[in-house]
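Single-structure report; data block below.
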Amino acid sequence: KARKYAIVKVVDEPVSLKDGTTVLQFETRLQSGIECGGAYIKFLRPQEAGWKPEEFDNESPYSIMFGPDKCGTTNKVHFIFKHKNPKNGEYVEHHLKYPPSVPSDKLTHVYTATLKRDKEVKIMIDGEEKKKANFLAAEDFDPPLIPAKTIPDPDDKKPEDWDDKEKIPDPNAVKPDDWDEDAPMEIEDEEAVKPEGWLDDEPEEIDDPEATKPEDWDDEEDGVWEPPKMYNPKCAIAPGCGEWKRPMKSNPAYKGKWSPPLIDNPNYKGVWKAREIPNPNYFELDKPDFEPIAAIGIEIWTMQEGILFDNILIAKNEKVAKSYRETKWKPKFEVEKERQQAEEEASGLDFLASIKRKVFNALYQIADIPFLSNYKPQILVSSRNMLFLICNISISLV
């Protein structure tokens, strides 16, 4: 835990993502859960992009990053792809909007991303579809793959005489003659009456009568010793202690500082915006121009140990991925689920057993209290009834 991990495997031949269907799939198990960390996989571009396997790190260029990530307010199954802008040659990260959340248990789950030739991506968890998106749709990725046709002119400046205040103070308004800006917000409640039984001469705190001066206390070095204070027990049974003062209440005459009312600004021109100009980086595509996958990398930071990866698959056929889920993942998942259920039931019985012991001991101690000794038989009968109830709860849970 609290470590960064990185490992990479170069595939035998680069896998093209441009034609047909491509399925990216892997299993991961968070044995210790996950509070802050990732369990995603990076599908890297060819080494011509300028990276070396032995130097693989978070800067190594990837085509797709896919998998669970959770930390703080982040709880999502990432799907991010990097795409080269054909106009300026820059690679831009495009994040899937509203991705599914990460399962909260400690079982093995299988994550599947299916890229379709009709510009669609489908995200599945344990074979169940959780999200579908279109690579070319602006509402599905941030930022959109296709840039805006126009952008605000960076050289356009707001005119100095541009008035963008929708409301202004009324220049003709006059403060009323009876407006008192000095009136306080609160005043004493003259109708309040001191509660009966109020202890005027009793302080709220008194010296602790049981406190004693430490033997090693040196008045010359430590100063004059004073016993610690404690809450005055007499105040606990009285309405209050010390000097009584009338409570404060809101002042009905309070108005605060006067300011003129707002009116519509006759010179208002609206919110200023820079004029739009053609976007020099705008381009159009019929489908994404993905870089091929040349390697698979795990590069994560995690605050929990024990993250397992298994059955990492790149396939061109959805049936192959489904077969792996049914023959590799599902039997494993069912065994883990049964084992987890058995452990939860066992821990539940242990918890109830401890409750029974505590109740039994507590009631027998109560029965031995001197002033309750005459009621000991009834208390013991009650304890047996309560233990019988707990036993029934245990049986129903089993």
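For all residues, glycine too, the Cβ spot is worked out from N, Cα and C.
Note that TrEMBL annotation is computational and uncurated.
Feature annotation from TrEMBL assigns disulfide bond to Cys36-Cys71. Residues or ranges marked as region 'Disordered' in TrEMBL: 143-231. Marked as compositional bias 'Basic and acidic residues' by TrEMBL: 152-169. Positions annotated as compositional bias 'Acidic residues' by TrEMBL: 178-191, 198-209.
With a threshold of 8 Å between CB atoms, the same-chain residues lying at least 6 positions outside the compositional bias 'Basic and acidic residues' (152-169) that come near it are 259-265, 267-277. As a summary of secondary structure, the compositional bias 'Acidic residues' (198-209) carries 0 helix, 4 strand, 8 coil according to DSSP. In the shown protein chains, 14 other C-beta atoms lie within 10 A of the C-beta of Cys71 (disulfide bond). Cβ neighbours of Cys36 (disulfide bond) (same chain, under 8 Å, six or more residues apart in sequence): Lys70, Cys71, Gly72, Thr302, Met303, Gln304.
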